[in-house]
Amino acid sequence: MQVELADRAAARPSETGEAPPSSPAAAAAASAAAEDAPLLPGGGGGVRRRVVVSERFRQRSGSFRREVRRAAEETYLLTRLTLILLRYLGIGYRWIRQFLALCCYTFLLMPGFIQVVYYYFFSSQVCRSVVYGEQPRNRLDLYIPTDRTGLKPVVAFVTGGAWIIGYKGWGALLGRRLAERGILVACIDYRNFPQGTIGDMVEDASQGIAFVCNNIASYGGDPERIYLVGQSAGAHIAACTLLHQAIKESGEGDASTWSIAQLKAYFGISGGYNLLNLVDHFHKRGLYRSIFLSIMEGEESLQKFSPLVMVKDPAARSAVSLLPRIFLFHGTSDYSIPSAESEAFFDALQQNGAKADLFLYDGKTHTDLFLQDPLRGGRDKLLEEIVTVIHNDNPDTSAQHLAVPVARRLVPEFMLMLAGRVSPF
């Protein structure tokens, strides 16, 4: 079976994002020097102050105009893509029912969402929309621990969203919780369908990982301790990215901007790993076959983008040996993506020589592990497992990070229970 993925980004620069930040102390000193410039003439001091203020005003005005223009462009793009998507969806009742359920679900969890959104936009720990590539939505958000001493372990997170509604902001709650435990988090955005297909999503994820590997030290992250995490569709995209990179490195592939060896482990949360088994399942739940096959670039590409199939391919045996440790998490009451997906992927990994662990959570649904449980507060078993693995790799981890703080409740229990009943996931 042909399992190699053409390197769509070979002709493009590997790093087109923001330059790493300069020293905060240097920036503060420069700002203070400008503010303290003399107002009286003599040696040109007054002129210098007026020029600095005028230049700063022009820069701010230009920046504001750029933001307005970008917002207008993104609004237009979103509207156009929505219309395209609606043409794909047609008037089938299943997706309409799912959409209405999603609205009810969102309303019931709104008390928690409001608090997370406030944190996302106003916390000094969040560095939003760092550019990592040339394509639309090639942005990532950084969640930086308050303790800036030393380099921190890093999580590169690929969010879910059924390959259609994924957004880097969905990782805000996870980013916050991990940052509280001394872990720097990079939430990678990527093109969704119909703006891109699965090949574009994998390409974007790969470029985002490359940016993290090559630049995270400038933000206080440790390039020797990077962990890849994916949830739902993001778990599938991240697993595909990981395997395609391993296949490239094990063969005669082109030179890449990052290496599998730079990742300490992969955590897959509620992921789907065999698309051949999921086509009919998704169709029954409202993600119609025609749309799903369009996302996956046709029925002939399902095997190429099925991590379980790739792992079983004898031609990929040398690539599997390059994989980092793999940890899979799944709820047994997940109806969006059955837990059998993680179980089968775990078995295939073990049978082909990969180091893998599987954690099943009785009675947990598709969103319990990632959303309802963190909003509930208290002990978060999934988060504890991830944090334990990361900090166990660092014998010098401080006691304050090993002692997991108890998170406060963000949504009343009765609203969480109702949300669980109406959840479309």
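Numbering starts at 1 and runs along the chain as it is shown here.
Cβ coordinates are placed from backbone N, Cα and C, and glycine is handled just like the others.
Here's what Swiss-Prot has on this protein:
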ACT_SITE  Ser232  active site
ACT_SITE  Asp334  active site
ACT_SITE  His366  active site
BINDING   Gly160, Gly161, Ala162, Gln231, Ser232, Ala233  substrate binding site
COMPBIAS  1-10  compositional bias 'Basic and acidic residues'
COMPBIAS  24-34  compositional bias 'Low complexity'
REGION    1-42  region 'Disordered'
TRANSMEM  99-119  transmembrane segment
TRANSMEM  154-174  transmembrane segment
Whole-number Å value of the largest CA-CA distance among Gly160, Gly161, Ala162, Gln231, Ser232, Ala233, listed as substrate-binding: 10
For the transmembrane segment (99-119), sequence-distant contacts whose Cβ falls under 8 Å of one of its Cβ atoms, 6 or more beyond its ends: 126, 172-173, 176, 371-372, 375, 410-412, 415-416, 418-419, 422-425
Whole-number Å value for how far His366 (active site) lies from Gly161 (substrate binding site) (Cα to Cα): 12
Binding-site residues: Ala162, Ala233 - member with fewest neighbouring CB atoms within 10 Å: Ala162
Subset of active-site residues (Ser232, Asp334, His366) lying within 10 A of Ala162 (substrate binding site), CA to CA, in sequence order: Ser232
When distances run from the Cα of His366 (active site) to each of the recorded positions Gly160, Gln231, Ala233, Asp334, the nearest one: Asp334
Binding-site residues (Gly160, Gly161), the one with most neighbouring Cβ atoms at 10 Å: Gly160
DSSP state at Gln231 (substrate binding site), helix/strand/coil: strand
